[in-house]
């Protein structure tokens, strides 16, 4: 055996040399010779497989490249290390990317003898050195990187003396000690990880992948069938070292075919026969600042693109098939038409005509006087529109003739591609084949008489399904040719739109005869006829990139949309059941004297009324006077009745049928104006109606709509990536025309600028200017500050002074720009390369002209609009601060894409506005414009209406108004459809893509993720997991103790975890700047720094120095120590908490450890207190030693170490809960109604609580001190909250007793903070709260800065334009001058005289404060439509408002609103999502890691299935089992499906006025539930009750059916007045709708992923709920008696805690929060307060603004967006295709479950290890693992190539030609790889499961994909990967030993045979004698030993032990027992003899 590493797997292992065996041998020679002569080289490598990271050109180009670049490289990057480059902090990256709250910092030290440290270099370092020396001889670049990366490693191991200062103190806590005994395992771990990050190995760190570097074909086609797949593997082992003739080389020579090497990971075929253009891939693009980029160059055999384009154009023109079944491919007319259509000029002509067509339509709809449009020819434009429409129809017909309508299979056939028919795409083919397989061909063919699939297609389908990755399909080609001609007409999306337009145009023309369409109200064909104008978004600009993003996401969009539609229908049916008829009931006033005199209230819904005499509640009544069934909800006042008549908005809005209900459910889904519907139903039914809306919002909006967002984000990212790749290959040809021009000029300017240098005078001038530039920035600040100081009351004189000052500043800034221009005159090109300078120069001229004209009084109000030029200079202020400059730079890194998307959005809105204007013009009468200003009256109005819908604010006002005036039901329906489609497109799609763009600019780059992941693991995950292994909260310990822990906690796992962490830490410190970051001391606290400086300067403050230098405020360090001594090397990981320094400090200042400067650590009372409570922070000390806090410590023997502390915590947790309950119960309203005096039971309870919490405070502060002590009370933030609560409770009590009601209620609100203590129950909830409130504050601050930098300039501009212009007189026809006296005002139906008042609206811009407040409020998109309406109606200062008098004013608000949506709202989402991802570490997961984590969630939900033993079952049970469980009977299965779907149809057909249908429905539901009940009975009988109830879904299904059956039966006898009963019955009938879920894989995957993601979602919901409770209690205590205003009602108020929570829920979605806040600011004289009591109905402006604004930020901006982040993170499996496109889905998991159930019929989830190969061979798919699969299995080969004569089984005919052809398709290299992978897989399963003695269902399921579908190297995180490497190392060792053992076994067996033959009696004869030899066969040779001789048994072959000892998960297990005992018992007398032989 060779004395090297294992030969079997070496060349494919990460830590081996990549140059094959010879290279490895030579490397050793180099290492040995390096000591004597390092310059000598004996041989060169024969085979070169470059590592994935160092992609080196072929040998011919290496030296030339290096010679050219050598000098430059030496000069610029002498000491650069590849590893350090990877870990280097990127230039231009923000510092906040590094985690800002390090828990632990790392220090390293090394101890031992100096000699040993130099010589005892670790093997990993040796191998690294040897490798680097060898590479040095080949590539100068690699040598430098290698030596620099390992120089740190060598220098670190130089020992220090034992007295070194770096040595950790003796008091340091040992976290992990790797002693000499464990060193072997530790070294294995370290080597494995080292190899994973070494340059030589297949690295775990990010690399350039071959598939990514492969250029995309010119048409962007996908991979062909014949392209090789790479086998996912961590190490890809070599199969043989020697190259014998006919052997397979996995490391081919460069001259060999590259197809073999494509199968290897990370390898790129570097040699080509011809020279070709080279593509440069940049490893680190962040180095632009240094004007140097590390370039990795390799050659690709790709033609020049211009040549390629010319070849494509000159390709012969070929048509295929018969278009329309008539025109052949050679038809001259067809060929002429095709050539004409494909001509470039024709395309230009078509686009020109289409643009002209759109312009005509815009002119026609801009200000329409005659709304009869399109077919009446009432305007000159109609003639042109008709002619163009006819031309476009001709274009469509020509295309159909030229290229066919749909079927282009002939073209696919000619190009050798697979053609998918409609049946295949729709899944009908798959279903048909499944049915034929399950129920038999005869039955299915009998039921479906026509042929869905031909025999030839079926054979082809089966062959394709049997294809395997180990074969190359027949005729497979490397690259698919692009199509030379367009596909069939209807195969293009745009052509389909054209077809719809053409058909609709002529249909509409036909219907317009005799004005039939106008009379009947058929309007739908008009908008469809002009749909083709949408083609204009696909012109040559950046806009098609948006469409590409949507196209990439279509498959996932369909999946998510199907889920969304399913639950949309579900809630639609539920809405009909609960709320049918609810909106019909409204209050109507009846005149007591004249019953015919009535008045209907406006939108006051009700459920009953009060009797005018008795005041008892009465049931509602119908329009005909009959009484309703029940009284509920809001009760109409006296003399009013609750009448059920018609639905609002002309009967269009209701829950009365499924269509209307689904419309309103969509309104809920939109999360805007839905709370209006909620409060309507709360009035008409019960308060519990809000639950429907809350659940709807959670399921549809927060969950499923966010999944839709996630699809868009991910698909847009994929599209963007593909676009960048194509742009990289094709250059700028793929970008838009404008972008190409700009880019060209920019490059030209930069080129010219670099050719000229500045003279000395210019350089000096620029230097001087850089020092004085800040003065001009200050002038800009003065200018904008001056503008902000203007108010509506500012005098004309002041305005003139301001104008003159502005002119002066403009002159100065113009001079500055001129000076800059003069300084840049020697090199004007340089000036042009500075866009800010060019912009400043242009703006200075414009502003100077404007200012001069303004002073002269020429401009008037136009000056306010033009002041935007002055204000735009504010950008210089923003970029003068580094933080804001960096943030904006980061956000605008995708500036081009943001610009493209913005232009796309507005242009698309414009085109859709034309279509909408055509459809809706004339629907709402013009006289309604005053009440409904936005109703699609004209093109501009339609544009604004669509923009409003996109912003979601009050979008339903437009919807309801248009539905109200629609002429018929179909128009109403299409109106809803159009609005819903536009809402989804504009808001859910386009605006959410902005989130993707901004998030992309903030997320961690792919190549930085792995280094950041290591850093995050070592700083956060590792310390936290160490804590979690031994500590748990009280609730967690109670759960573990009494309810059993779900996890099997094992000390061996913990030990292995510590070893892994130590290994990672040991390696990480050698990684360039990552190591430096760990080694640098923790940053000093700014407070301490300032304090220490202060004390130096001021002698009197010397005493404060003890505060500055206090070691108790230092952060802990993790110290990694390596020692070499006589006992061997050891590694120690210690936690240094500076305990020695702390004890020294206490000796110097002993009073520091005295609580209240009185209680010493030894004081009895203090020690008693310490027994009751854990330390507030840190460890306690008595001055001589420290004591570990063991409160939360637990082990298997003891869960409660300090029972008294746990009891104390439990008591005060109960007290907190009681306090919360009392606060919710004893509300201010309760106190007032019960007329509570000063002293009552509530006051006594308050005193009790105050006493209890005061005792808690005393105990805690005596135990640990109050503010300045080692474990001070206030150092714990939770204690600080408790302290605030306690103080507020004392103040509240004193104020209450002194009858100071105002002070009392204010401080009473603070007691709500105590509810935050509920968060401490759950660690996850506490971490979530910390993440939101503390860790996220800096991100919120950054987002706030960006918001402010936008809000401030817009506020100033808005103030300039609109100050004093928004006021109106309440008598709308008068201006301010005439607004006095009284006027007649209509109240209800009476005219009342009211005083005229001129006032500003709630949102106005009269001063900077009001303008800032108004614009801040409309950022939340609440109220901006009201402000828009006021601005558009404004006609001047003090003049009366006119409807749409100044429509142009909308420009300001639309621009601000759009920018705030993009850069403020979406920015908040992006910042919060990004911050949460970085804090939790998910931001550092690569695409593959995310895909694997998501697959894990799906796999973890799989459970083994139990099946009965069919042999033991009786015939009846067998029949039931086949019928009800397996559903083998087609007719029975079909019957069940028909019953189910009829049940759903009955649910859908429910409506308010169904006539007799209710009876029919009840009867059918009785029938369907009976059928389902019988089915469940049969199922239970067939499967058996035990197995039946083992599946939760069976139990749930049975419960639902039984309840539905019983309630349905009882419902026939229950009257309608018991509406709760009927609602519950309807709900259970509806739940049967959920039975569809198991039949749909997409829905099942969604729910299974939801179950796996439940813990984090519940945790976040719980945290949010606690905050709801805190704010609800606070608002209730403060505003519980505040009077109702115009925006508050009987339900929208804070009178009770429940109502408060509902209002907070409304505010969380921005619903009218600012108007509610305005109602809470009411003050005297508009409210009253009683001096004699504590009751007042006044509000509080301070508290209203503080509470509601903070809730708006916390809940609406943070928590709702955290749900977005959580949903996107946890459900990305549902929408992401997966990094490796693994194909793991429910159907594949089902195959595995079925295969497992064959062997484990009881469903125990455990099987013997021997079953493993049988399970793996029993099914197909990505979860199976076998060597031969698909067509290569024996069964398939026999079926395909062997014919057996049924009469004579020995008559066999073999198709040798076909068989050989099939066998030639085998990829031999992959087969050999796969064999080794299979051996590894089997052995790793044995290894990991040997301790349990069996295979576990879930463990095996989670292991298989790592060997089949995923690459462990790419998909595993750092900890899991090192774990995987450790196991793989053990497995490889075993495989190597097994091979050695096989050889040894062969030798021993032969030796035993010879020994045995010698002991036998040999007969003597001459073998050569033929007579003797003829008898040999008849001789029975007796092999028994002669009597009397010692009987010896054959020697047993020693075997490797598979037992527990060898596979223990601990490195310290006893390895002595390595031999199996003999299989048969051996006589004791023979032991010595056997021992002798063994020796």
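Using N, Cα and C of the backbone, Cβ positions are placed for all residues, glycine too.
Summarising the annotation, Swiss-Prot assigns N-linked glycosylation site to 98, 269, 379, 559, 754, 882, 900, 968, 1153, 1240, 1433, 1785 (among others) and lists sequence analysis as the type of evidence. The annotation compositional bias 'Low complexity' is assigned in Swiss-Prot to 122-132, 147-164. Per Swiss-Prot, the feature transmembrane segment maps to 691-711, 766-786, 841-861, 942-962, 978-998, 1207-1227, 1247-1267, 1529-1549, 1554-1574, 1596-1616, 1618-1638, 1748-1768 (among others). According to Swiss-Prot, the feature domain 'EF-hand' maps to 1787-1822, an assignment based on sequence analysis.
In sequence order, no residues are near residue 1240 (N-linked glycosylation site), counting only same-chain partners six or more apart with C-beta under 8 A. Cβ neighbour count for residue 968 (N-linked glycosylation site) (all protein chains, 10 Å cutoff from its Cβ): 11.
Listed by sequence, the residues of this chain that lie at least six past the ends of the domain 'EF-hand' (1787-1822) yet keep a Cβ under 8 A from its Cβ atoms are 1498-1499, 1502-1509, 1587, 1590, 1641, 1829-1830, 1882, 1885-1886, 1889-1890, 1892-1898, 1900-1901, 1904-1905, 1908-1909, 2002.
When Cα-Cα distances from residue 559 (N-linked glycosylation site) are compared across the glycosylation sites 379, 882, 900, 1153, 1433, the shortest belongs to 900.
Sequence-remote contacts of a segment are chain residues at least 6 beyond its ends whose Cβ falls under 8 Å from one of its Cβ atoms, and for the transmembrane segment (1596-1616) they are 629-630, 1562, 1565-1566, 1569-1570, 1572-1573, 1576, 1580, 1622, 1624-1625, 1628-1629, 1631-1632, 1635. Within the same chain, residues 1034, 1172-1173, 1242, 1245, 1249, 1252-1253, 1256, 1259, 1311-1312, 1314-1315, 1317-1318, 1321, 1669, 1673, 1676-1677, 1680, 1695-1697 sit at least 6 positions outside the transmembrane segment (1207-1227) and bring their C-beta atoms closer than 8 Å to a C-beta of that stretch. Of the listed glycosylation sites, namely 559, 754, 882, the sparsest Cβ surroundings within 10 Å are found at 882. Residue 1433 (N-linked glycosylation site) falls within a helical segment according to DSSP. A distance of 37 Å separates the Cα atom of residue 900 (N-linked glycosylation site) from that of residue 1785 (N-linked glycosylation site). The Cα of residue 1153 (N-linked glycosylation site) lies closest to that of 1785, out of the glycosylation sites 754, 1433, 1785. The distance from the Cα of residue 1785 (N-linked glycosylation site) to the Cα of residue 968 (N-linked glycosylation site) comes to 46 Å. Taking only the Cα positions, the spacing between residue 1433 (N-linked glycosylation site) and residue 882 (N-linked glycosylation site) is 42 angstrom. Between the glycosylation sites 379, 900, the minimum number of other C-beta atoms within 10 Å of a residue's C-beta occurs at 379.
Remark: the transmembrane segment (1748-1768) makes no contact with the transmembrane segment (978-998), by the rule of 3 or more CB pairs under 8 A.
Recorded residues residue 882 (N-linked glycosylation site) and residue 754 (N-linked glycosylation site) have their alpha carbons 27 Å apart, per Cα-Cα distance. Cβ-based neighbour count (10 Å, all protein chains) for residue 1785 (N-linked glycosylation site) stands at 18. Note: the Cα of residue 379 (N-linked glycosylation site) and the Cα of residue 968 (N-linked glycosylation site) are spaced 27 Å from each other. Taking only the Cα positions, the spacing between residue 754 (N-linked glycosylation site) and residue 968 (N-linked glycosylation site) is 70 angstrom. Taken residue by residue with DSSP, residue 1153 (N-linked glycosylation site) is part of a helix. Per-residue confidence over the domain 'EF-hand' (1787-1822) averages out at a pLDDT of 86.
DSSP places the residues of the domain 'EF-hand' (1787-1822) in helix, strand and coil in these numbers: 21 helix, 2 strand, 13 coil. DSSP gives residue 559 (N-linked glycosylation site) a helix state. For residue 1153 (N-linked glycosylation site), other Cβ atoms within 10 Å of its Cβ number 22.
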